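A.B. asks: Just lifted these from TrEMBL, have a look:
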ACT_SITE  HIS115  active site, pros-phosphohistidine intermediate
BINDING   LYS9, PHE57, ARG85, THR91, ARG102, ASN112  ATP binding site
DOMAIN    1-138  domain 'Nucleoside diphosphate kinase-like'
MOD_RES   THR91  phosphothreonine
MOD_RES   SER122  phosphoserine
Amino acid sequence: MERTYLMVKPDGVQRNLIGEIVSRFEKKGFTLVGAKLMIVSKELAETHYGEHKERPFFGELVNFITSGPVFAMVWEGENVISTARTMMGSTNPAEAAPGTIRGDYGVQVSMNVIHGSDSPASAEREISLFFHEQELNNYKKEVSKWV
Ligand code: DAT
Ligand code: MG
């Protein structure tokens, strides 16, 4: 079963969107495997966003993601990596479709509410950056046969 790393960014935490966002993935039928509220260190932020190191917005991105607590999560389910990206909407909330998380709650690209892994390789990398194996729960929900 596939797993992905999702994170409510500091703007989403400040704007009281943790519950709303968790609720969307729960209602969709995915399974929460691990979650915690945490402050991202500068070092972790730079590693997590390493692929963007040369981009002009890298400094701003690292400052933003370390500016307050994030809600870090691991979710499990069939095709959860790409389906979660679809549910998040386009990177720029101005272009994200209504009904998506960024389309419904975001305005600026620099504060787009949620992060989600973009591939199986990034999911594996990001899960291990943010979580210890003991923090991830292996369990089956009875309802899974209806999802
Ligand atoms: P995504 O978060 O959809 O995977 P990404 O990996 O291309 O998008 O970029 C990571 C984050 O960097 C993104 O969520 C917000 C920020 N970002 C991207 N493009 C930006 C830009 N042009 N100006 C400011 N911030 C930007
Ligand atoms: Mg990305």
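One-based numbering along the chain as shown.
Here the Cβ of each residue, glycine as well, is placed from N, Cα and C on the backbone.
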A.B. asks: State which of the following recorded positions has the fewest other Cβ atoms within 10 Å around its Cβ: THR91, ASN112, SER122.
C.D. replies: THR91
A.B. asks: Kindly state the mean pLDDT of the domain 'Nucleoside diphosphate kinase-like' (1-138) in the predicted structure.
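C.D. replies: Reported value for the domain 'Nucleoside diphosphate kinase-like' (1-138) is a mean pLDDT of 98.
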A.B. asks: Looking only at C-alpha atoms, tell me how far LYS9 (ATP binding site) is from the residue listed as 'phosphoserine', rounded to the nearest Å.
C.D. replies: 17
A.B. asks: Restricting to the same chain and to sequence separations of six or more, state which residues have a Cβ under 8 Å from that of ARG102 (ATP binding site).
C.D. replies: MET88, GLY89, SER90, THR91, ASN92, PRO93, ALA96, ASN112, VAL113, ILE114
A.B. asks: Quick one: of the recorded positions LYS9, PHE57, ARG85, ARG102, SER122, flag those whose CB is under 6 Å from ligand 1, and say none if nothing qualifies.
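C.D. replies: Only PHE57 meet the Cβ criterion.
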A.B. asks: Helix, strand or coil by DSSP: which one applies to ARG85 (ATP binding site)?
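C.D. replies: For ARG85 (ATP binding site) - judged by DSSP and reduced to three states - the answer is helix.
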A.B. asks: Among the recorded positions PHE57, ARG85, SER122, whose Cα is within 10 A of the Cα of HIS115 (active site, pros-phosphohistidine intermediate)?
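C.D. replies: The recorded positions passing the 10 Å Cα test are ARG85.
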